Ligand SMILES: O=C(O)C(=O)Cc1ccccc1
């Protein structure tokens, strides 16, 4: 089975994908959009992409593409501890560094460290931590550094100059497996943390009490929401869709009726699936 992931090799997403799919063919992609594209076109059956980080919050690109691609659903979530290191080409020394590259989430998760120790050095977004590390390895004359993981340092032959630079010790990223199949992924080798359902809800129009109406559909049924995130619809200021997680197993009648009630108040619901959440190793 072909599994797309946000690459290149040694990205955090690959570390997650390798644990979720140890026996499958992993296809590195240049961006989160390419991961969705690979699943949509059928080039890959599934993809692994980051959804949320405990320091920096939601990966908005992933939410946006879930919204834009209704054929793509969620099969599982997996949580992995994240440690960031600052690394340079062995031919360079840290005093010479003129720019630091990484994935925006990694730069944000290490913001205070970088601001304290490398305030004057410009930081620049890259498509992934591993792509930044690879770029540093290929450009020894450019005097650049990357924030990436230990595997990227090893694979791309870089020297780690500062270890564990994430601003909080408890740094976890939640990844999702996406596919068009709506299968439920399971893996007895991994620790299961729980079960939940995901959905995208769009209100019919911006009107007073609209969100309250949506939330009350869940509240009186005692459906516990573990995440609710609003994201702009990009049709103008003030227009949003909501990503909602409901904790626990899906009960067809009770929860199915909740979806029907949401439809009856003219909310648009894209049910992304009922799936398990797994714990991965770093
Ligand atoms: O850039 C990577 O290596 C990724 O896989 C995305 C990411 C970035 C920062 C923390 C977790 C995942």
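Backbone N, Cα and C define each Cβ position, glycine as well.
Just so it is clear, the model here is predicted, and its values are computed rather than measured.
The average per-residue pLDDT of the prediction over the domain 'Prephenate dehydratase' (2-180) is 96, rounded to a whole number. The domain 'Prephenate dehydratase' feature in TrEMBL is assigned to 2-180.
Look at TrEMBL and you will find 199-276 tagged as domain 'ACT'. DSSP labels the residues of the domain 'ACT' (199-276) in these numbers: 23 helix, 29 strand, 26 coil.
When secondary structure is read from DSSP and collapsed to three states, residue 173 (site 'Essential for prephenate dehydratase activity') falls in the strand class. Sequence-distant contacts of residue 173 (site 'Essential for prephenate dehydratase activity'), defined as residues of its own chain at least six apart whose C-beta falls under 8 angstroms from its C-beta, comprise 12, 16, 50, 52, 53, 54, 79, 80, 82, 105. The feature site 'Essential for prephenate dehydratase activity' is assigned by TrEMBL to 173.
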